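> Have a look at the structure that comes next, please.
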Amino acid sequence: MKKTLAAAAIGVALSAPGAVAEEQKPNIIYVIGDGMGFEFISAYRYAMSDLDTKDIAETQFDHYLTGAATTYPEDDTWVTDSAAGATALSAGEKSYNGAIGMDNDKTSLKTVMEYAKNSGYMTGSVSTSQINHATPASFFSHHPSRYEYNEIADLMAQQYIKDEASYDVLLGGGQQYFIRDDKNWAELLEQHGLKVIQDMQMLDQVEQAPVMGLFAPKGLPHAIDEGKDSLAQMTSTALRLLSGDDKPFALMIEGSQIDWCGHANDIACAVHEMDSLNKALTVVADFMQDNPNTLLVMTADHSTGGLTLGRDGEYAWYSDRVMAIESSIATMRSELLDMDAEKWPEYVADKVNFELTQDYIDELALASEQEGEEREDALHDALVYITGDITGTGWTGSGHTAVDVPVFAKGPYSEDFRGYMDNTDIGKRLIDIVK
C-alpha cells in the first residue's frame, strides 16, 4: 500500500535540502535505537533520576528531540519488522517485512551509505547486534530475506573483495557468519586488505580504516550483563577512524538490543541498553563539539513489547527496583536451567534484590514441573511476571508495535527533520544531503 505521508499533507512545510556543495557536505551520524519507542526514553529518564530529591535526570536524548515518525511497512499490517524499518530509514522507500535494502518487487534500493560512498564519503556502522543483522545489513546490502544470515555475510564480504563495498568500518558481532566451516571470510578479507579483529581490546590498536570488528558469535552481550560500554567504545573508534581523512563521513550507530530486551519483556535489560546508547551519544556529543559540521539524526525503526510504566491499575512504577536487578532475564534463565529447581527462589531473589512472595515462588515451581522447551518458556514467563510485578512494568506482548517513534536532530540541516514525518522521509532527506 502507498501510504507515505507527504509533509505538505500534514501541514509540515519542510523543504528538502537539495544538492549540497562539495565543500559544505557535513559529516552524518545516523543513530537508530532499535525498538526504542518514546516509552523507553521515559523509562530510562526515570531510572536515572534521584528518588530522594525527585530531580528528573537529564539525558542526551533530551537535547535533540525534533519530532516523530511513522513506522508502518509496505503492506496492510501497520506493524513493521526491523528489516522493512531499516530499509525505509536507509533507502527512503517502503518495503515488505523481511526485506534487506529491497522494495516489494525485490529490486535493490540504493541506500544512503551507497550514495555517500559515491559522493566521496567514508562510511561505516557500529551495532551491538551482528553486523549482518537486519538494521546494519539494510544499509550495506540487498537481500530478499533478513533471516539468511550466511548469505548476507557472503554478500557483504564479496562486496569488499570485488572493490564494490559501501563501507570502510563495520563493528559489531557476527563471528559465526563470517568465520564458518565452509568459508572463512575473515581470512579472505584480510588477504584483500581489510583488517579483521575479534577482540574489543584491539580497538585502540587499529590505526586506520578499513576494518571489520567481529566481537561475538552473534550479538554482543547485553549491557546489563557484560556489554556495558561496548557501544560507546565502538562509536569512539569508528569516529576516530572515519574522521581521520579529509573526506566527510557517514556513520550509522545502532543500539540493537533495546529491541531484544523488549522482545524478552525485560525492563532492567532495556533500561541498561538505553544507558548504553546514552553513553554512545555522549561520545557523539563530544565529537560534535569539536566538529560542528556534523549532522546528528536519531530515530527508531519501531517500538517493541508494548511497554507500560505502571500495570494492573496500580499508579506506580518502581525505578529503584528496576535498577536493583542485576542480570538480564536471558542470563537468569540460562543459569537457572543449570541448577536444581529447589535453588531457584533463592537465586532469583538474589538477582532481583527483592524478597520473593509465595506467588512468585509458586510461579517458579510451576515452571520447574515442565520439560524441554516448555520448561524454558515457562521459566522465562515466570521471570517476566516476577520482574514486571516487582517493578510495576507492563507489556502488551513480545512483538513490535505500530506506534510513532521519536526523531532527534542537531547540526547542519537539522531543521529538515522537524515535526511529524514518515520514516521514509528521514532516509530521503539524508540521501539528498549526501548525494
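Cβ atoms here come from the backbone N, Cα and C positions, even for glycine.
Automatic prediction, not curation, is the source of TrEMBL annotations.
Here's the feature list from TrEMBL:
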{"type": "SIGNAL", "residues": "1-21", "note": "signal peptide"}
{"type": "BINDING", "residues": "D34, D259, H263, D301, H302, H400", "note": "Zn(2+) binding site"}
{"type": "BINDING", "residues": "D34, H133, T135, E254", "note": "Mg(2+) binding site"}
{"type": "ACT_SITE", "residues": "S82", "note": "active site, phosphoserine intermediate"}
> Check the Cα-Cα distances from D301 (Zn(2+) binding site) to the recorded positions S82, H133, T135, E254 and tell me which is shortest.
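For D301 (Zn(2+) binding site), the spatially nearest of the recorded positions is S82.
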> Do me a favour and check the Cα-Cα span between H263 (Zn(2+) binding site) and the residue listed as 'active site, phosphoserine intermediate'; whole Å is fine.
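Pair distance, Cα basis, whole Å: 12 Å.
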> If you take the centroid of the Cβ atoms of D34, D259, H263, D301, H302, H400, the listed Zn(2+) site, which other residues of that chain have their Cβ within 8 Å of it?
G35, M36, D81, S82, G85, I258, G262, A300, S303, T304
> Of the recorded positions listed here (S82, H133, T135), which is spatially closest to D259 (Zn(2+) binding site) when Cα positions are compared?
S82
> Between H400 (Zn(2+) binding site) and T135 (Mg(2+) binding site), how far is it from one CA atom to the other, in Å?
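So the Cα of T135 (Mg(2+) binding site) lies 15 Å away from that of H400 (Zn(2+) binding site).
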> Enumerate same-chain residues with a sequence separation of six or more from E254 (Mg(2+) binding site) and a Cβ-Cβ distance below 8 A; give 'none' if the list is empty.
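V31, I32, G33, D34, S125, V126, S127, T128, S129, T135, P136 - these are the non-local Cβ neighbours of E254 (Mg(2+) binding site), listed in sequence order.
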> Please give me the CB contact count at 10 A for H133 (Mg(2+) binding site), counting all chains in the structure.
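The answer is 27.
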> Determine, to the nearest whole angstrom, how far the Cα atom of S82 (active site, phosphoserine intermediate) is from the Cα atom of H302 (Zn(2+) binding site).
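Spelling it out, the Cα of S82 (active site, phosphoserine intermediate) and the Cα of H302 (Zn(2+) binding site) are 7 Å apart.
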> Specify the secondary structure state of H400 (Zn(2+) binding site) as given by DSSP, simplified to three classes.
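H400 (Zn(2+) binding site) sits in a strand per DSSP.
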> In whole Å, note down how far the CA of H133 (Mg(2+) binding site) lies from the CA of H302 (Zn(2+) binding site).
16
> Which of H263, H302, H400 (the binding-site residues) has the most other Cβ atoms within 10 Å?
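The largest 10 Å Cβ neighbour count belongs to H302.
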